[in-house]
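What Swiss-Prot says about this protein:
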type	residues	note
DISULFID	C30-C112	disulfide bond
DISULFID	C53-C93	disulfide bond
DISULFID	C82-C107	disulfide bond
DISULFID	C120-C184	disulfide bond
DISULFID	C145-C165	disulfide bond
DISULFID	C149-C167	disulfide bond
DISULFID	C188-C196	disulfide bond
DISULFID	C212-C238	disulfide bond
DOMAIN	29-112	domain 'Kringle'
DOMAIN	114-208	domain 'WSC'
DOMAIN	212-319	domain 'CUB'
SIGNAL	1-22	signal peptide
TOPO_DOM	23-369	topological domain 'Extracellular'
TOPO_DOM	391-452	topological domain 'Cytoplasmic'
TRANSMEM	370-390	transmembrane segment
Amino acid sequence: MVMDIWTISLRILLFPSALVLCSDSFHSECYTVNGADYRGTQNQTSLDGGKPCLFWNETFQHPYNTLKYPNGEGGLGEHNYCRNPDGDVSPWCYIPEQEDGVYWKYCDIPACKMPGNLGCFRDHGNPPPLTGISETSNKQTIQTCITMCRRQRYKLAGLEAGFACFCGNNADYRKHGEMPSTDCNSVCFGDHTQPCGGDGRIILFDSLIGACGGNYSTDSAVIYSPDFPDTYGTGKACYWTIQVTDASIIRFNFTLFDIKDSRDMVELLDGYTKQVLIRFDGRNHPTHSFNISLDFVILYFFSDRINQAQGFSVVYEAFKEETIEKPNGSNNPSQTEMITQTTNLSINAARSSKILYVITTSPSRPSGHVPGWTIYALTGLLILTIIAISAKALLHISMKSARLASSSSLDSCHRGSAGEIWSIFYKPSTSISIFPKKLKGQHDDRNPLVGE
């Protein structure tokens, strides 16, 4: 199978895991529970005889239009696709006004259903679709119900009429029939942006949604931040292990990332060495999907005791090496992609030492033009040092002086202090420069898996 990705790999003996940057190859209609992220093209309220939607640039008599939101806020634009610009329980659109004064309707979009949302079903009441424990609450939210069911070790959680929660393991929950998603749009009493079923209609969820930690071994899955779709709590420290037998690459794609606090963070670690491969936080958001050349990865999330946000959803997919091929180009020739990774030095280096690698290249270059450089440990560093210094020296002094300068520079490299950071900038067909650099504002790693 040919995968539409653009790849650059860096392999270093000091850090045996290669982290690969690639273009975004995952796509799903919705990853939020209310479809606020829907950017599809359905332009009628239902695929089966629904009302046609009005264009957002022709609805100036209504609150939401392109005149008021000219920069694409909420996905609005010169189109008539269903959207959810106001954070309602599901996408909707304006319609030609009816005799009863209705001028908008929810859109029933089968493809806009976040993973873990099993759908909307009939509830005849005797017996109910889920036959475990139940409760009612005037503060009901989706995660409140899911948490109760998960604590009681039920696999399914269902909500009905905005305030009722049901738990169970019933495999035949579909027996009374599946209904349109709009039948389950009664707002949750505890959060009016979330759908909590309807009258005689129950919306079902997998109870793993929003769990703080878990173990995954399937080829693909979606992992949500703790307490999702509610905001994540304070003081969280969660681990998810992802170990896929025979996988050579695991691809990660953050389909949602809303972490505003710079002290809250998401890390991906080598499952074998516990070394941090990449870190994201409130200031450093993931902008692309990326591959990790391992079959065992740990996802770690930490939140401090102040501030909260929506959190994240991440899709992972495991591949065998023969299924990955490079394309000839990219959809965005002008875009320069960059990834930064910080790694620990060798076991004998000082604990405060770090190496910062910054690799840049253009995805528009044909794959045949992308250098296949592989840098091995200190040998690679020595070669790059000699090339860079020799090239500069040739402009001014003889070859003998250049070799002396290279030897002197190599000695000074080995005498660098333990707390010093080296940055390597590499661009195809351009010069290579190596220089020491202090990493400002780097907080100590709060991940207990990383040794002191």
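Cβ coordinates are placed from backbone N, Cα and C, and glycine is handled just like the others.
Shown are the disulfide-bonded residues C53, C165, C188, C196, C238; the one with the most C-beta atoms within 10 angstroms of its own C-beta is C196. The Cβ neighbour count for C112 (disulfide bond), using a 10 Å radius and every protein chain shown, is 25.
Cβ environment of C212 (disulfide bond): P226, D227, K236, C238 lie under 8 Å away, each six or more residues apart in the same chain. Highest local Cβ density among the disulfide-bonded residues C93, C145, C167 belongs to C145, counted as other Cβ atoms within 10 Å over all protein chains shown. Its Cβ taken as reference, C82 (disulfide bond) is surrounded by 25 other Cβ atoms within 10 Å in the chains shown. Summarising model confidence by region, the domain 'Kringle' (29-112) averages a pLDDT of 93. Using Cα positions, the member of the disulfide-bonded residues C30, C53, C149 nearest to C184 (disulfide bond) is identified as C30.
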